[in-house]
Amino acid sequence: MAEAEAGGDEVRCVRLSAERAKLLLAEVDTLLFDCDGVLWRGETAVPGAPETLRALRARGKRLGFITNNSSKTRTAYAEKLRRLGFGGPMGPEAGLEVFGTAYCSALYLRQRLAGVPDPKAYVLGSPALAAELEAVGVTSVGVGPDVLHGDGPSDWLAVPLEPDVRAVVVGFDPHFSYMKLTKAVRYLQQPDCLLVGTNMDNRLPLENGRFIAGTGCLVRAVEMAAQRQADIIGKPSRFIFDCVSQEYGINPERTVMVGDRLDTDILLGSTCSLKTILTLTGVSSLEDVKSNQESDCMFKKKMVPDFYVDSIADLLPALQG
């Protein structure tokens, strides 16, 4: 997509050449990266991505990683970054660059349940999500497999519930089941029980162009069954950016958001007045961008990046020499 194709009064979605990248990097202090589909696919790093991030670190750029994936703790994500060659702090500071929805959901519940003695949450999610909640003092129940008990609805509804559950938290849960859905709805019949979703991604990119169903599918199921709307923590919700901003002291004018999804990464950047770069190694395509550019819907026009690259490795020439 050439610059002339961007249309409108403001030229956007420009290919980020090495020359433009040098100018852009001179204007920014902080780069925020999505992870899945940007830095890696599954357990395989995007070619050239580790070298690019190491070069950015060498130039003194501050890096942050904002991921909607709730299946790992901050520390586990930091370990993956180092294992795949992206570098990063070690020791007590390991994980401080990472802002995942597991960690930020824990911060959200700590705020919302402040003053509640011994707060407890029913978690449809991973042990990592439960661990982040436990780290801020929120007891977690429900993690792991849970099959249907009994022969029918009367038996399912007779299964005892944990007392004093004040929140239902829905993250990525490979053990999601009808039993869990039934329990979640029963907890949410209490009006003071919060419904929190880590993110609304409808699918998760893997290697070789494959995808699996994302957390958003599970959140929607609970919302529909409970007839409640979840508080969403992850991108494009501003809450996750506020978590980063509070810990990093970010100046939006000198910050770039780099991602592969228009409806999460780029929309978050647009909402928070950040510069945005779309990388084509993940979910969204230039055809998706063009559709948003040509739309009469102002909301869709927010999902148009300032720049795009085939891969974040395209930034490397601007960092060499």
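Each Cβ is built from the backbone N, Cα and C atoms, and glycine gets one as well.
If you check Swiss-Prot, you get these features:
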{"type": "ACT_SITE", "residues": "Asp34", "note": "active site, nucleophile"}
{"type": "BINDING", "residues": "Asp34, Asp36, Asp260", "note": "Mg(2+) binding site"}
{"type": "ACT_SITE", "residues": "Asp36", "note": "active site, proton donor"}
{"type": "SITE", "residues": "Leu204", "note": "site 'Important for substrate specificity'"}
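Structural mapping of features recorded in Swiss-Prot.
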{"residue": "Asp34", "record": "active site, nucleophile", "Cβ within 10 Å": "25"}
{"residue": "Asp36", "record": "Mg(2+) binding site", "Cβ within 10 Å": "21"}
{"residue": "Leu204", "record": "site 'Important for substrate specificity'", "Cβ within 10 Å": "20"}
{"residue": "Asp260", "record": "Mg(2+) binding site", "Cβ within 10 Å": "28"}
Quick one: Cα separation, Leu204 (site 'Important for substrate specificity') versus the residue listed as 'active site, nucleophile', in Å?
12
By the DSSP assignment reduced to helix, strand and coil, which category contains Asp260 (Mg(2+) binding site)?
coil
Between the Cα atoms of Asp260 (Mg(2+) binding site) and the residue listed as 'active site, nucleophile', find the distance and write it as a whole number of Å.
7
So which other residues, same chain and not among Asp34, Asp36, Asp260, have a Cβ within 8 Å of the centroid of the Cβ atoms at the Mg(2+) site?
Cys35, Gly37, Val38, Leu39, Thr67, Pro205, Gly259, Arg261, Asp265, Thr279, Gly282, Val283
According to DSSP, which kind of secondary structure is Asp34 (active site, nucleophile) found in, if we only use helix, strand and coil?
coil
